[in-house]
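Enquirer: As listed in TrEMBL for this protein:
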DOMAIN    15-96  domain 'O-methyltransferase dimerisation'
DOMAIN    118-327  domain 'O-methyltransferase C-terminal'
ACT_SITE  HIS256  active site, proton acceptor
Amino acid sequence: MGSTEDLDYPQIIVQYSNGFLVSKVMFTACELGVFDLLLEAGKPLSSDAIAACLGASTIGMKRLLDACVGLKLLAVEITQEGALYRNTEISNIYLTKSSPKSQYHIMMYYSNTVYLCWQYLADAVREGRNQYERAFGIPSKDPFGAMYRSDEEMLKFMAGQNSVWSICGRDVLAAFDLSPFTQIYDLGGGGGALAQECVSLYPNSTVTIYDLPKVVQVAKEQFVSPEEHQITFHEGDFFNDSIPEAELYILSKILHDWDDDKCKQLLAKVYKACKPGGGVLLVESLLNKDKSGPVETQLYSMNMLVQTEGKERTAAEYSKLLEAAGFGVIQVKRTGKLYDAVLGRK
């Protein structure tokens, strides 16, 4: 029998061990403005030029740029003048601020907020609760009170969520034909990106974003133009305030924030307000039936432990919650992307 020294060091362990290094390299390049600078320059630049423009050290920038090349976020060309760096198509589309599909804001939210909470993952597993108190010194009983602990943090979170819907919104809204529903409420609609996708896809619909007063105020000021007449707002707390009548309610990444009892409480209120023949659309990342994957959803569920009171669920678990509230004719569509759709009818 051979010793453990005879075994190859598994590559998968190397990859997993280095995972946090990979993400931090990408976050740092975004934060420093590397991808934006290269886009604006319109030509490849040397590491010295990039460092000078961004106020960074030449030695540190050279290593960051080379790491980005290794991650295929940048490309490098060796010339007589030295190495010249340029964006790849992926970084131009997803990592520059000006791109319609930019993921810059969600990257910054992960880097500056989520990352700090995950330092206490072991504590979250031991205690079974979120870690805002350890990470930020804020009581964790109200997760969204902690998430919205400052205007800056709230704006960062809303911008991050909007960036997600810029690449995933149309997939979940097109999973079912929602054209019969013309009066729609987007509960917890935040910055309005999903509502904007909805009225674009279904031009005969109107969407009301129902969210906390301070969220609505920021959405009006920063994200939704007054000229978008198909989108209106309703200020309130949907757990404690009434929910107006509508044909369809959208709950996008809402139920995963809460435990089963809170979900049942909210869905019961939605069912009561829903017009006969209407429905509710749940937009969530679905676990496999046996919870063996997808790995992204499993990791999101860990994040729910670290940041909220909820978890990711299977399609059957969401269906059970909908049935408990009274909804029937439940349909499930997997989009093949990050988020899936579950439609329940009244």
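Placement of Cβ uses the backbone N, Cα and C atoms for every residue, glycine included.
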Enquirer: Would you count the other CB atoms within 10 A of the CB of HIS256 (active site, proton acceptor), including those on all shown protein chains?
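Expert: Its Cβ shell of radius 10 Å holds 23 other Cβ atoms.
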Enquirer: How does the domain 'O-methyltransferase dimerisation' (15-96) divide up by DSSP, counting helix, then strand, then coil residues?
Expert: 52 helix, 14 strand, 16 coil
Enquirer: Can you tell me the mean pLDDT for the domain 'O-methyltransferase dimerisation' (15-96)?
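Expert: Mean per-residue confidence for the domain 'O-methyltransferase dimerisation' (15-96): 97 out of 100.
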